[in-house]
Amino acid sequence: MTVSSSSSILQAIQSPQDVQGLSLTELTTLAEELRQAIIEVVSTNGGHLAPSLGVVELTLALLKSFNPDQDRFVWDVGHQAYAYKLLTGRRDQFHTLRCLHGVSGFPNRSESPYDHFGVGHSSTSISAALGIAVGRDLAQQSNKVLAVIGDGSMTAGLAYEGLNQAGGLDRDLVVVLNDNEMSISKNVGALSSFLSRQLSSRWLVRFKRELEGRLRQIPRIGEDLVTYAKRSEESFKGLFTPGMLFEAFKFNYLGPIDGHDLRQMTDVFKQVRSLDGPVLVHVLTQKGRGYTPAEDNPTYFHGVGCFEPETGKSKKISSCSLPPYTKVFGRTLSQLARQNDRIVAITAAMPEGTGLGEFAEEFPDRFFDVGICEQHAVTFAAGLATEGYRPFVAIYSTFLQRSYDQIVHDVCLQNLPVTLCLDRGGLVGEDGATHHGAFDLSFLRHIPNLAVMAPKDEPELQDMLATALAHNGPVAVRYPRGVGPGHAIKDSATALPWARGEWLRSGSDAVVLAIGSRVEPALEAVAQLAEATGKEIGVLNLRFVKPLPVEEILEAARQSRRLLVVEENAAIGGMGSAVLECLAENDALDGIRVRRLGLPDAFVGHGPQKALRAEVGLDAAGISKALRDFLSE
Ligand SMILES: Cc1ncc(C[n+]2csc(CCOP(=O)(O)OP(=O)(O)O)c2C)c(N)n1
Ligand SMILES: CC(=O)[C@@H](O)[C@H](O)COP(=O)(O)O
Ligand SMILES: [Mg+2]
């Protein structure tokens, strides 16, 4: 299925330059065709619908005013770049969006020369665009460089590091702030209200009332001054526009302008072309624009699965009744929090994605959404822990990479009881290389004082959360995107024996030492192989990456000469490496053969999670093959 041929203008676009020759009327028609194409494909493939629908006119105005063959565009996060992809040579492949080996869901330099910078993690666009701009200047070129960044992505400190240097260098750079007042959920933080359209905050009302009172007290001219002040209120507001913030960074601020008004935007961008130095254009858009279900629920349609285009109703009936790890995490934390009022929950702009929605409703005073600020989230949690609280910080594995120093320095060095809850540990699927939680076992296990666990299923996740709470120190628990093997969830969680593994099968021909999401497929592979070959194969659920379950690992080496370690993490530096270190240091390697089965030393692409796991050999079939090869060596 390619993009429907009814889109006549879109079908005629051979290159983005063609957009420059279109009239405003044609652009308006093209905007409609782009929306239809995006809705059509995303309803089948899933994806970031609302963000992309919100910037259709903005994308057209940018391509009308600038030329991606000379100028450079950096989209922040890039989840909103579907219209850009359709207009820059990927229309005919767009139906493969987010499919295995298909079009990526984010700009990707290896996919197109028009994707000037690879993105996926937020708030990098200004820094990258500035680097590109400085490269241009060193080469004495004169093209324009633009970063398009959302108001949510402007909550991350990295954005200000870019603004700060850009203002200091005073180089030609255009930052387009796409302000739709939304992150994934409603945007949070002081900046968000400062950027908001009405400066009618309580502070402003109080300030006006006090000012009026004081002016009236001035003899003879007081009343006139009040009248004058009222009349100049508009310019007063004009003084305190968001521009103030960006002008402090020495940006020339233009806006706010209507991000759905093609004429207004093309006029402003034409003006911007002639400006020197750093310029920020503040554009107001509506997330989900042009598709009522998405306009009504931009959070749900931020990143959506398959749906019926006519109604917006979700198409994918969950294949099993079991709630995903994410839901079990949220429910268990709420359960624990009912018994322990020191528990607080922290998210970095992803309450829904991390399953903390229910917790937030039940414990509003103990729930904190810090915005897209993963570094701050961890150190904020550390501060809370010094006051005797038990913070649970829920951040996707890939995004927690941002907080490495804060985990080391602010949490573990001080041995504070912060629990890091890493959802999306392992391969996540369609979001691809920028979003896989591929490295957390490797980047966490060497940090002193930190315990690291991974559950084999949802009930064990419940117990690991209880185990973390019972432990008076830093703990990380990582679990995969989606649903586990479907074991019944327990009414209450109980702490596990510390640093111990769990024997699931014993066997002398080989032992599979598996961690987390790979335990169940390992059990499945071993059962089939033992049935087919009569081999005696053991399975050990390691449970702990740190402290290592040394007793069980050494027992495995006593049981069999062949040990296969299976993990959904980079093999380098992960669970397998830890087992090797343990055996070597306990002089238990003599005659023992160890094989590590984990993620390759390469970035894994995008596609269905199941297909990716098969591709890297981490599903039951892959584990079975690795075992057969091992046994036949
Ligand atoms: C470092 C990082 N943390 C979290 C995310 C998840 N995420 C993707 S888009 C998004 C919200 C972005 O809001 P905004 O920049 O306003 O873009 P909009 O979706 O509103 O167009 C978040 C939190 C991310 N991509 N990168
Ligand atoms: C663009 C982005 O980074 C998020 O929207 C991410 O795609 C969410 O991932 P999940 O769909 O796994 O919650
Ligand atoms: Mg936004």
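Using the three backbone atoms N, Cα and C, a Cβ is placed for every residue, glycine included.
Per TrEMBL, the candidate among ASN45, ASN67, ASN180, ASN340 that belongs to the thiamine diphosphate site alongside HIS79, GLY120, HIS121, SER122, GLY152, SER153, TYR291, GLU374 is ASN180. In sequence order, SER122, MET182, SER183, ILE184, ASN187, ALA349, GLY371, ILE372 constitute the residues six or more apart from GLY152 (thiamine diphosphate binding site) in its chain with CB-CB distances below 8 Å. Taking HIS79, GLY152, ASN180, GLU374 as the candidate binding-site residues, the subset whose CB lies under 6 angstroms from any atom of ligand 3 consists of GLY152, ASN180. For ligand 2, the nearby binding-site residues are HIS79; that is, of HIS79, HIS121, GLY152, ASN180, GLU374, these have a C-beta under 6 Å from one of its atoms.
Summary: among the binding-site residues (HIS79, HIS121), the fewest other C-beta atoms within 10 A of the C-beta are counted at HIS121. Annotated pair HIS79 (thiamine diphosphate binding site) and ASP151 (Mg(2+) binding site), C-alpha to C-alpha distance, rounded: 14 Å. Averaged across the domain 'Transketolase-like pyrimidine-binding' (323-487), the predicted model reaches a pLDDT of 97. Rounded to a whole number, the distance between the Cα atoms of GLU374 (thiamine diphosphate binding site) and ASP151 (Mg(2+) binding site) is 16 Å.
Other C-beta atoms found within 10 angstroms of the C-beta of GLU374 (thiamine diphosphate binding site) number 26, with every protein chain shown included. Close to ASN180 (thiamine diphosphate binding site) in the fold, though at least 6 residues off in sequence, lie GLY54, GLY150, ASP151, GLY259, LEU284, THR285, GLN286, LYS287, PRO298, each with a CB less than 8 Å from its CB.
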